[in-house]
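As given in TrEMBL:
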type: DOMAIN; residues: 16-432; note: domain 'Major facilitator superfamily (MFS) profile'
type: TRANSMEM; residues: 22-43; note: transmembrane segment
type: TRANSMEM; residues: 114-130; note: transmembrane segment
type: TRANSMEM; residues: 142-163; note: transmembrane segment
type: TRANSMEM; residues: 175-197; note: transmembrane segment
type: TRANSMEM; residues: 209-228; note: transmembrane segment
type: TRANSMEM; residues: 347-367; note: transmembrane segment
type: TRANSMEM; residues: 373-394; note: transmembrane segment
type: TRANSMEM; residues: 406-426; note: transmembrane segment
Amino acid sequence: MSSSKDVPCCCSQRWILAYTSFVGFFFVYSLRVNISVAIVCMVKTPNITTTNTFDNSSSSICTGTASSRQVFNEHAEFDWNKEVTSSILASFFYGYIITQIPGGWLSDRFGGRYVFGVAMAISSISTLLIPVCARNSVVSVYVLRVILGLATGVSFPCVQSMWGRWAPPLERSKLISVSFLGTMFGNVATFGSSGYLCEYGFDNGWGSIFYITGGLSAVWVVIWFVVVRDTPSEHPWISEAERDYINNAIEYDTSKRTGKVPWLEMAKSPALLACTTAHICNNWTNYTLLTSLPAFLKAVHKFNIKSNGLLSALPYICQAVSGFSSGQIADILRSKGVLSTTATRRLLQIIAFSGSGIFLVATGFTSCEHRSLAIAFLSLAVGINGFCRAGYVVNHVDFGPKYAGVLYGITNSFATIPGMLAPIVAGQLTPN
């Protein structure tokens, strides 16, 4: 029987799965959020004349009385109103909610490799078609975003299902948090680069955002099918020591699959209810920021499109750091017996929610005159929220590794509802 000391770590097949999943989630979120920045420079906005009076002595950025401030984007092509743009941002989630549980069941039953790979191929094609379709009909943009939601909806349940068969118990926090870090880096790269692509990219700037993210995602699909397998026993390049170590550590026989799911027991599970509640709360914050942060920085704090993208990315850089750190901390606490698995998950989840809540409320009270403070508060809020990567996110694999795909599909189905509502609610709460 192999011990953890006998098997490779950083270059092992389980860590290669983590790295490949990391890049996969990078593109899942690139394809999801690219339109949040692109739409700022796609849509025509009139010249805005502010009537607010600011104290000239307190700021050199937001000064002046009734001064004209040009916010019209020369690359904009569309006369979509705020209701249309909010609906476009929300349309992704109408598809995303449908495939969560089916994606988890298919992955647990047949394997996540093909389900995730095919879904990302569809996502890439949908993204590449957006510039052409947007110039013909706004309805086609809705349809493509719904298709994108349907396809990427399987991503998290697929990978959770695979980790239920690949992640030894005392390495779960590290492996899962590293793979899910791709979501944050996807936000960082997409927000950070999209502002510049809007200004300097090809196809009138904004079009290049969709071509680049869609094209690179297609390349990743090929790599995914080459290097990844559904279980350690199926992988042609895994060492015997690593295969034995994983198979002996995991609580059930990963080579056997079943189509039977204990739905009633899941419905009565307090652990699943707790994960669902945490998932809903976390996603309301995340989806509000993902869809509305660029518009917030432009409309409230008057950042131009180039700096807007970079500043929208900054909070997610902080979250990437905290997400990675939390995975390491959690497994150290558990492996050394400092805290139990349950206590570790609870502690990190409490830190994530209480910290992010405090700093998000503080952000709402900052004005344009103190916009640097607003960025600091936003960065702290999103950064601290990264601790949930070693909280409820990993918990599905803790208490149900064999059904981790279905379990995550269930919680993420409920947690997708904020994605449909948050952009619309934000639009209704901010009519001006």
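Backbone N, Cα and C define each Cβ position, glycine as well.
Bear in mind that TrEMBL entries carry predicted annotations, made automatically and left uncurated.
Long-range contacts of the transmembrane segment (142-163) within the same chain, counting only residues at least 6 positions beyond its ends with a Cβ under 8 Å from a Cβ of the stretch, are 17, 21, 24-25, 28, 31-32, 35, 87-88, 91-104, 106-108, 111-113, 115-116, 119-120, 122-123, 126-127, 129-130, 133, 172, 175-176, 179, 228, 230, 396-397, 401, 404-409, 412, 416. With a cut-off of 8 Å between Cβ atoms, the residues of this chain six or more beyond the transmembrane segment (373-394) that come close are 172-173, 176-177, 180-181, 184, 274-275, 278-279, 282, 285-286, 289, 293, 301, 311, 314-323, 325-327, 329-330, 344-346, 348-349, 351-353, 355-360, 362-363, 366, 411. Sequence-distant contacts of the transmembrane segment (347-367), counting only residues of its own chain at least 6 positions beyond either end whose CB sits under 8 Å from a CB of the stretch, comprise 62, 278, 281-282, 285, 326, 329-330, 339, 373-374, 377-378, 380-382, 384-388, 390-392.
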